[in-house]
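According to TrEMBL:
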BINDING   Tyr123, Gln185, Asn208  NAD(+) binding site
BINDING   Ser231, Gln253, His256, His321, Asp354, Glu408, His413  substrate binding site
BINDING   Gln253, His256, Asp354, His413  Zn(2+) binding site
ACT_SITE  Glu320  active site, proton acceptor
ACT_SITE  His321  active site, proton acceptor
REGION    422-448  region 'Disordered'
REGION    455-474  region 'Disordered'
DOMAIN    516-870  domain 'Aminotransferase class I/classII large'
REGION    685-718  region 'Disordered'
REGION    874-935  region 'Disordered'
COMPBIAS  904-914  compositional bias 'Low complexity'
Amino acid sequence: MRRLTPSELVAELDRRQPFSPEIRAAAEAIVDDVRRRGDEALLEYTRRWDAPHLTRDELALPPEAPAQALAALPASLREALETAAARIAAYHRRFVPESTAWTDAAGNRLGRLVQPLDRVGIYVPGGRAAYPSTVLMTAIPARLAGVGEIVLATPPRPDGSIPPVVLAAAALAGVHRVIRAGGAQAVAALAYGTATVPAVDKIVGPGNAYVTAAKAAVAHRVGIDSLAGPSEIVVVADDSAHPAWVAADLLAQAEHDPLAVVGCLSPVPELLDAVAAELDRRLEAAPRAAIAAAALERGFLVATASLAEAIDLASRLAPEHLSLQVRDPEAWLRRVRAAGAVFLGPFAPVAAGDYAAGTNHVLPTGGAARFQGALSPEAFVRCIPFFAGSREGVAAWAPAARVLAEAEGLPAHAASIRLREGDEPGAREAPAGTASRPQGAPGPAAVRLPEPQDAAVAPPAEPGTPKGARAGGAAIRPQEGAAPAGAPGYTVADSPAPVKLDANEAEPWPAELREALVAEMGRILAGDGPAPHRYPARALRQAVTAQLAAYARVPEEAVVLGNGSDELVQAVLGTLGRHCTAAVAPSPTFGYYATAAAAAGVPYRPVPVPPERAVTLDDLVPVLDGLPGEKLVFLCRPNNPTGLSCDADVVWGLLQRGDTWLVVDEAYAEFAGESVLDAWTVAPGPDGPATAGSAPRSCRDDGGQARGHGVHGDSSHGEPRLERLVILRTLSKAFALAGARVGYAVAAPAVASRLRRWLQPYNVNTFSLVAARVALEHREVFRRRAEATRRRRDRLFAALGRVPGITPLPSRGNFLLFRVEPAGAARRLQQELAQRGIAVRAFPWEPSLDGYLRVTVGTEEENQAFLTALAELQGGGQGTPAPRAAQPGGTGAGARDAGPGREPVPGAAVDHPGPAGPGPAPAGSPGQLRGRDGA
């Protein structure tokens, strides 16, 4: 190690370059050759320098190879990879950029839309070494950002193989494609594309000088992370530092490369002497002594006048790794101005950041940390600003913009602005539907997207639409706090309207139940019961859990309470999903699955299914078979927004797979009249025929007792793996408690226990628990209401079919999806209904639902108002009344909901009660399939 003064060190390191002119010229020649000759050149260079016998067909690795490598990996190594991957994901998840929008005081909408890159290439050094950590560090942030496809390029070994541990890391990190090629030729193939290698939007990852020079050569065409040079470490140490630990950290980086930059800055000369002696001692036994010795020979020890000077000098150097081995390192951290990453204190070695601390090890080198940062999810997105001016808001910006345009000598700019001001001849009113700030809307406020599960949502990276209403409900307009057009995330149907049929909400509670709830709340507020100034009582929570278990006919330990079933979607992704390659769901479906998966860092794979039919195994199996590792499937049954229920064969087929977790979302089960649970609660158990109320086999042990042991079925014999099933339910729909946010999951007790550990303490508040208890005490009332809703749905379906230009789809929910003709007329119809005070739901972010609208089944009066307005707008006269079948001798609600002689609805459940009571199962239900499947 050389002894340098601070000025000598700065002068020397200011001459750092990532590659020489000769290397640049060679790399550019290779890049140009691959650009011109594609696979032919790529294979030629790969054979010359890496794998002499590789064939063109072998350039791309078989898709199943990463999953096979992961399955065969030694348990200890797999556990280490999984731990590192989880920590890296947990750290980087905090830095995933989100779209944001606000309305200024004048009523103009402004914001930034964040969209992930479509495809990225990650470069991982290889050949004679293996770097699985680099796979995790590059692919996981890309996956968290929502990148559509991740392509890994790495040089093969001489026999053409890729180290299994690298492939295993690729499977864990969510890599989609592996290319056996390295060096400048791989960078060129990723930038320009070949017959085998798809062109990417950005290339990231470290490499040698030729890789770095090639990245510089293609930076005009694709994005790159940085121009990486040799590894760097600077340790700042005071007299509290242990010389042996400082030396160990310096040696750890020195073994990377003979050109590595290693050094220590300290105001304590004695410490520098001790570090030098310790390095000499350790180098003798170092396995990579030759490489490390060359780096240490170029290394430096610098004595400074003070600790402050040492840290300022380190910031001037802007090293890749800065280690502060000083007293109170967090206090000194604030003084650091530039570094790739900082490691604080003796128990934060730089090697921790190389592997499993969670921070990224793809860092700027060569002083680039003065203007660049570590690789993160921000590197994998496009940030697109947007401005949505309103008629009222023109005055806030137009005068200044017009004057500046004239000052810059751009008269056409000024004329364009004057048109909006109305000062030009021919200026016109803005087109109908122009966004305007709602009356009384506040000034700037950031948009927060995630909200409850009571409406369809926009999946991440797909365009959404603003929703809202002006006070009074006269017209539905974009509202402060709603997601802007094009913004990803969770868009709720929260528009007030006199006839609100856009959020699948139930009708209000009957008067007698409202009185019972008011009385119960009054009793609690009077001090007779769980006190609201205390945290929710365990006894109250247990009582509600017991009521739900009795309602679902499962053991209490199989029930998990959630703050709405949305929270339980998050819990599933945070526990089961973190070990899965991807979350898979039919599309279109409930969009919060995609939003929650993105937040959890789990790749989301939608499976397109035409809205006119339900998903089948033939849709899902090819996608699942093409994904490595374990998968998590979401089935919304009945599906929102289509209203269709997939056949029970889909459920049982998925449960026969040993690599799949299945979540069946039964938010609308009561309106379907059947549940996945039905097949188990009446199925034969190990001790003979079970009776109603017995536990599902996933919740029983071999003796038939409700305990925590799941059935471990063998998929080769068609036995469903019930321990891999989670069923989600809610009280928001049939129990009309959308405002209380009470959901629950049913799962094997061992899985239920995992979900509970993920949830926040006291996740359901006292008032919601009390409301749930009252509702469940009167569950027979709600069962009858669900039956009545089904009858109104059937009549609404038949009436919609008679409206010109309207084609309804059969539904088993409390809503109907209908197609509007001609094509493109749906949004206009939605707006025209809104002008009449009737809110229905559109799905502009979902291409397959272009031309469709969804309407909630309301009360008779709401349905009639909707049908009348719809018929008038569609040219059907003065309205098409919903058919009412008279009930002999009946009046009022009973007569209104009676249904003898009504028009049947194909595929819709009619009179089957929900889980609260017995009744015949509809065609295709699990109950009818029990004998065949042995459930």
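Cβ atoms are placed via backbone N, Cα and C, with glycine included.
In TrEMBL, annotation is done automatically, which means it is predicted and not curated.
Features as recorded by TrEMBL, highlighted on the structure.
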| residue | record | Cβ contacts under 8 Å, 6 or more apart |
| --- | --- | --- |
| Tyr123 | NAD(+) binding site | Thr138, Ala153, Thr154, Gly182, Ala186, Val187, Leu190, Ile203, Val204, Gly205, Pro206, Gly207, Val211 |
| Gln185 | NAD(+) binding site | Ile30, Val31, Val34, Ala41, Leu42, Tyr45, Thr46, Ala214 |
| Asn208 | NAD(+) binding site | Pro125, Gly183 |
| Ser231 | substrate binding site | Gln253, His256, Asp257, Ala260, Val261, Glu320, His321, Thr365 |
| Asp354 | substrate binding site | Ser133, His361 |
| Glu408 | substrate binding site | none |
For the binding-site residues His256, His321, His413, the one whose C-beta sees the most other C-beta atoms within 10 angstroms: His321
Stretch-averaged pLDDT - the domain 'Aminotransferase class I/classII large' (516-870): 86
DSSP state at His321 (substrate binding site), helix/strand/coil: strand
Cβ-centroid neighbours of NAD(+) site Tyr123, Gln185, Asn208, 8 Å, sequence order: Pro125, Ala153, Pro155, Gly182, Gly183, Ala184, Ala186, Val187, Gly207, Tyr210, Val211, Ala214
Other CB atoms within 10 A, centred on Glu320 (active site, proton acceptor): 29
Among Ser231, Gln253, His256, His321, Asp354, Glu408, His413, the record's substrate binders - longest CA distance, Å: 57
Coarse DSSP state, helix versus strand versus coil, of His256 (substrate binding site): coil
